Each structure stands twice: as C-alpha cells, then as structure tokens.
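Enquirer: I grabbed these lines from TrEMBL:
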- Pro97, Thr98, Tyr99, Asp128, Arg171, Arg176, Asp201, Asp202, Asp203, His318, Thr319, Arg320: UDP-alpha-D-glucuronate binding site (BINDING)
- Asp203: Mn(2+) binding site (BINDING)
- Glu234: site 'Interaction with galactose moiety of substrate glycoprotein' (SITE)
- Glu291: active site, proton donor/acceptor (ACT_SITE)
- 326-345: region 'Disordered' (REGION)
Amino acid sequence: MAMGYFNPYFIKRRAKKWWPYFGLFLLLVIGYQEGVLRSYSSSGSYTTVDESSRSTMKEIFALEREIKLLKSVLKKYSIPEAEYADTLLPIIYVITPTYSRPHQKAELTRLKSVFLHVPSLHWILVEDATHKSKLVMNFLESSGLSYTHLHQSTPPDWKLQDSDPKWRKPRGVLQRNAGIKWLRRKLRGERDLRGVVYFADDDNTYSTELFKEMRDTKTVSVWPVGLVGGVMVERPLVSRAPTPHVTGWLAGWKPDRTFATDMAGFAVNLALLLRRSDAEFSFTSSIGHMECDFLEKLVTLSQLEPKADLCTKVLVWHTRTERPNMKDEERLRKAGTPSDQGIEV
C-alpha cells in the first residue's frame, strides 16, 4: 500500500490537484517575506510587524469560521441561504394567541419548527392569562426565534366552556388585538414600515412556502385553507382577466360573506394595518363574521391579492390536535403523585 504513494501516476494526479494551493502558499510566503524585508530595510529590525494587523487578521479568520458555521446550519436544515443574506427582506410579524392546556407546548413546538425555517420573522406570542407563564417564557427563550411575549386574559363570560362547540364564542379576540396594539406602540414614528402581519393560531399546520407567498403583500393577500368550515378546502375564486383578481368565495358556510375566509387565509400589509387605527377584532361580531368584519376595515374585495398560484394551492390546514385523555392523570393528582412532577411537558 505504501508503494502507491511513489507511483508516478499517483504523484502526478496529486500534484495536479494540489498545485494551485501550493502556488498560493508560495505567494503568501513570498509576500510575507518581502514585507518583513522592507520593514527591516527601513527600520533595521523585524519588530515592525504591526500588532493591530495581527489582531485584524485574527478577527477576519474568526468571522470566516462563523460564516462557515452559519452556512452549515442553513444547509443542514435546507434553509435557502439567499433569503437569509437579504437584509432588506420585509419582516413577517406572526401574532399567535395561546392558552394553557396539556398539549400547549407540543403545539408551540410544531409552530417553532416551521418558523425556524422562515427568515426575517418576528413571533408575537400572546397568552390568554393574567400573567406570563414560566412554561412559555422558557420555551421562547430557548426557541432561537425573534419574539415578543405578551399576555391578555379573556373575561370569564367570553371564555369557551369544555362543553361549548368551538364556534359558540369568538376566540383569541383580545390576544390578537394585544399583538396589534404592541405593533402600533413599537413602530410609532417609524418611516420604514415594510412588513406583513399574519394571525397564526397555534393549532394549525403551516407550510414554509406560505410565508414566501405572503412576504410581498401590498394590501391584503389571500389563499386557500384546507380542512375548514366542514369542507376539504375554502378558497377565494379568482378571475384571470383582465388581471388576476378575487371575485368571490368557495365555502361551505355562508359563501356570500364579503370575505368568507378563515383567520389562517390572509395576511395584511404592516403599513396598511397601522394606518387604520380602527382595524381590530371584536367580540360583537356575529358568529363566523369576525374575519369578515376585520377585513372590511382594511380593503374591498377588488383590492385583495390572490396568492398560492392564484389560489390553486393549499399551504395551510385548519388542523386540531385531539384533546389528550387525562383520566388517569386526574386520579394520580388526587393521590398527590402527578406524572409530570419535576418535569415540564
């Protein structure tokens, strides 16, 4: 095996591969020696090699290592490097209401796994509670995301009871409004308001493609939502002539609504939302009209921007996690030995 290294063909092949690097090394050595000799001829000593230059070179090498590390992370998670390199990318502000239940952390983890693949995203997570929970605080701190953590409790009269159907009372109203109010306070006086606002519930399923679609929203962009309203898909109806525009809605329930869409089916231009100070959600909206009432404060039907290949692709699904069976957990708690004692679930 050792004789292979002295094989002329092997040596020739290796030399062909490595001679450019060897040549570069020689040039660096010659350049360094020439610089040292010039320093010596001008001052009579070799000590004029600038310490600040050495420090600068160390910083450059350290930055190069960090860049390589970041590129490897992007490659590992199949994240487009070009998107993260674009510093002018509009920010997507995602407002998510959440509340305490056994599978809360599981739901939030699923969202986090998607959001980590989306560049220039800021997550506004609003707890329906009188104070911020330790579970959500710890979760966000270790998420690796840019985030804002808020809390806003819903009055008891407006809370859904376990026996209530999901549509009985509007959910997440005050939490979404708290997110909007935070944006108004945070961005008051800002001139550069390039961005998008999206209301993402914590029990839906999202494709990363959805966020690429919404990023250049000029007014309000819309797209289909799967598994919602008693049908396989609710979607805007789009006419291609003379230019693509929304003409109506394909929906199982009240398709004659001005905006017969689900909360997951639209995104709003940031500047537009902040200009319309009355644009908020309301408890007084009729059942199934909360999204419609909100959008009527922002745009008309003709101003909507159909996305997702002119609303022919489903990129978000209105899924719901099955409520876990906690019968035995209740028994353990009554006995004073809960299964999650000392561990966060």
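Glycine is treated like the rest: Cβ placed from N, Cα and C.
Can you tell me where each of these features sits in this structure?
Expert: Annotation for Asp201 (UDP-alpha-D-glucuronate binding site): spatial neighbours Thr96, Pro97, Gly172, Met263, Ala264, criterion Cβ-Cβ under 8 Å with sequence separation of six or more.
Residues near Asp203 (UDP-alpha-D-glucuronate binding site) in space but far in sequence (CB under 8 A, at least 6 apart, same chain), listed by position: Glu107, Thr319, Arg320, Thr321.
Here the Cβ of Glu234 (site 'Interaction with galactose moiety of substrate glycoprotein') has 25 other Cβ atoms within 10 Å, regardless of which shown protein chain they belong to.
When Cβ atoms from all protein chains are considered, those within 10 Å of Glu291 (active site, proton donor/acceptor) total 21, not counting its own.
Sequence-distant contacts of the region 'Disordered' (326-345), counting only residues of its own chain at least 6 positions beyond either end whose CB sits under 8 Å from a CB of the stretch, comprise 102, 105, 135, 138.
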Enquirer: Compared by Cα position, which of the recorded positions Tyr99, Arg171, Glu234 is the closest one to Glu291 (active site, proton donor/acceptor)?
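Expert: Nearest by Cα distance to Glu291 (active site, proton donor/acceptor): Arg171.
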Enquirer: C-alpha of Arg171 (UDP-alpha-D-glucuronate binding site) to C-alpha of Glu234 (site 'Interaction with galactose moiety of substrate glycoprotein'): distance in Å?
Expert: 20
Enquirer: So for Tyr99 (UDP-alpha-D-glucuronate binding site), how many other CB atoms are inside 10 Å of its CB?
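Expert: So the Cβ neighbour count for Tyr99 (UDP-alpha-D-glucuronate binding site) comes to 18.
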Enquirer: Max Cα distance spanning Pro97, Thr98, Tyr99, Asp128, Arg171, Arg176, Asp201, Asp202, Asp203, His318, Thr319, Arg320 (UDP-alpha-D-glucuronate binders), Å?
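Expert: Maximum Cα-Cα distance: 20 Å.
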